[in-house]
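Taking it in order: structure first as structure tokens, then the write-up.
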Amino acid sequence: MMMVRRGLLAWISRVVVLLVLLCCAISVLYMLACTPKGDEEQLALPRANSPTGKEGYQAVLQEWEEQHRNYVSSLKRQIAQLKEELQERSEQLRNGQYQASDAAGLGLDRSPPEKTQADLLAFLHSQVDKAEVNAGVKLATEYAAVPFDSFTLQKVYQLETGLTRHPEEKPVRKDKRDELVEAIESALETLNSPAENSPNHRPYTASDFIEGIYRTERDKGTLYELTFKGDHKHEFKRLILFRPFGPIMKVKNEKLNMANTLINVIVPLAKRVDKFRQFMQNFREMCIEQDGRVHLTVVYFGKEEINEVKGILENTSKAANFRNFTFIQLNGEFSRGKGLDVGARFWKGSNVLLFFCDVDIYFTSEFLNTCRLNTQPGKKVFYPVLFSQYNPGIIYGHHDAVPPLEQQLVIKKETGFWRDFGFGMTCQYRSDFINIGGFDLDIKGWGGEDVHLYRKYLHSNLIVVRTPVRGLFHLWHEKRCMDELTPEQYKMCMQSKAMNEASHGQLGMLVFRHEIEAHLRKQKQKTSSKKT
């Protein structure tokens, strides 16, 4: 039994060994039959059990690595060549720009584009800050102030006329005309932009433009302040634009409501009843009937003719149902500075806009809005340049009669001049007048106190708006320079008197009148002798 069992186990062992050998043989045959061949014999991978398999793998890998390394090196060389060519082209372009700018006299920064753009924006904003848009700049003298010019759609009102230009004229130069048109169009584009639109928004056109003022500072740029009609009565739209010798920059877009802005017109007076009667006729028409937001303060010196002045006020009050006036009587010698100072301090209401005026001033209702729009408490005071009328007796000497006053108020070179040396007419809030210290009451006689106050504002941080206005006139009256004046005051008085009489050409005709008459007599004699 044991022998049989041993034989069976030996037989089974041999069968298992044979099966294992058979499986191994089949596996070897399968590997030999299914080994992949390359397209080329030298790229065929050797078998793992081959005696050269390891060396073959290393050789093929080294060859592939070398090919990859060569390809990468080639790409790097091409990229480097492209970078070098791009840098060379950029340098050529930059040098060309610098040469062009140098030829034009410009100095451009050769910094990277990002830095250059940032520096440019910073520079433009610094130009806006230096242009007295948000705050005033302290100035040494009144001659350092840069005045504004004013303009409408048709006319420009300018200070610098020379011998060929006119105080009021249509802009003849194309660059000036295009400049102002561009400013108005830029403002209209802003007003009609989607950001400004609202459910009740209406389109703005050039007909809504009222007036603008502008001034150019050669080291900064041009500042524009444009005023448009608002959506309601007594409402306005004002846009402040700045051209820093380049594109216009929008600085502010303000909505201004002047419906409740009261103006206190202060007039110092002594005698001059006829002039006061004429002034009150203008005041009634412009302030009471048209504007309706004005208070009148009359500061009267002395008692002579005081009843006549009071009678004119009372008659105007009854006829126009006007009660907004104050009459202050002072003793002593007339002093314009003292009268204005007392009138300003006498006001007991809230902060009010003051208009320092004279009895020989004519103004329109449009000027009153100009006064409101160019003042702001704690920030801005208005010193308009008025148009001063020449002596009508000289201007219209060749006419049969002098025309009515309204027909005389024409802004032309032959009829008057911009009184750019006068600082008496001014609009400023009472708080600013008090804070600046008011007038210097130690100054006696003619002139001086106005310039002193003006200089104090120039030395402060308030913005001083100085511009000619088309609705403010100084009516001619004979000027007497008293012997009691100091030499400096007397000189100023005589200069003012000479300026008030006539234009340069008209005065020349008066100076050479005798020569002209002699020439006419000779011509007449020659004509008579030829006839005989």
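All positions are counted from 1 along the displayed chain.
Yeah, the Cβs are placed from backbone N, Cα and C, and that goes for glycine too.
Of the given residue ranges 57-100, 145-188, Swiss-Prot assigns the label coiled coil to 57-100.
Using a 10 Å radius centred on the Cβ of N324 (N-linked glycosylation site) and all shown protein chains, the other Cβ atoms total 15. A sphere of 10 angstroms centred on the C-beta of H477 (divalent metal cation binding site) encloses 14 other C-beta atoms.
Cα to Cα, N324 (N-linked glycosylation site) and N315 (N-linked glycosylation site) are separated by 14 Å.
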